[in-house]
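Everything below concerns the one structure shown next.
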Amino acid sequence: MSLFTSLPFLLLTAVTASCADTETENCENIRKTCPVIACGPPGINGIPGKDGRDGAKGEKGEPGQGLRGSQGPPGKMGPQGTPGIPGIPGPIGQKGDPGENMGDYIRLATSERATLQSELNQIKNWLIFSLGKRVGKKAFFTNGKKMPFNEVKTLCAQFQGRVATPMNAEENRALKDLVTEEAFLGITDQETEGKFVDLTGKGVTYQNWNDGEPNNASPGEHCVTLLSDGTWNDIACSASFLTVCEFSL
């Protein structure tokens, strides 16, 4: 074997011996410290050891990004808050159109009122002509029914009228022409016997008694009726006679 051929082998042997000397030296140093350890060449890697015990429990982590749940039911209404401060005034609006003249409306309303009043007066005249009698500023109407005096008084009042009460001969004649049978007048002496007054309590100044009347022939003759000839008779208020009411025009 030539020198050049064996040179690599010699170098490898030298390196190996050097490494072995180094490891032997390290092992000797360890053996001096712990005599039970025997020095030798390094062994091959062993198989992996068993898993170690579980470590201590870590701190609680942050909530994860889970799926969003469904919306819950509405909560109870909270208490009413305190009133807020007034807002700032809004901008001034545009100028409006000129208003209409109210005088035209007033004149129109006055004209329409006059027309309605005229029509109402015409209707009154028709009613009086067909159903009643008009004299001066009074109109007399009858429903053709007979009833006691208090019922006559109530019925006339319901229609904003009064029991017919002639205040003069002209009104008495108008009543006579209207009725064909005995009718109550709005005159009584219920408060004071022999003192006949109208339903307002005012003494009557016009009277047209029949001969011998009033005679108070029977108890309770405190009312007055108009006879067919236009004269008056005192009679019991509980009796039933024709109803005649008067209305102011």
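Each residue, glycine too, has its Cβ placed from N, Cα and C.
Among the candidates CYS156, CYS223, the disulfide partner that Swiss-Prot records for CYS237 is CYS223.
Within the set CYS39, CYS245, Swiss-Prot assigns CYS245 as the partner of CYS156, by disulphide bond. In this structure, the CA atom of CYS156 (disulfide bond) is 16 Å away from the CA atom of CYS237 (disulfide bond).
DSSP classifies CYS223 (disulfide bond) as strand under the three-state reduction.
Proximity to PRO48 (4-hydroxyproline), judged by a C-alpha distance within 10 Å, picks out none of the recorded positions PRO63, PRO86, CYS223, CYS245. PRO86 (4-hydroxyproline) sits 45 Å from PRO63 (4-hydroxyproline), taking the CA atoms of both as reference points. A 10 Å cutoff on Cβ-Cβ distances gives CYS156 (disulfide bond) a total of 22 other Cβ atoms nearby, all chains included. Taking the disulfide-bonded residues CYS223, CYS237, CYS245 in turn, the residue surrounded by the fewest other Cβ atoms inside 10 Å of its Cβ turns out to be CYS237.
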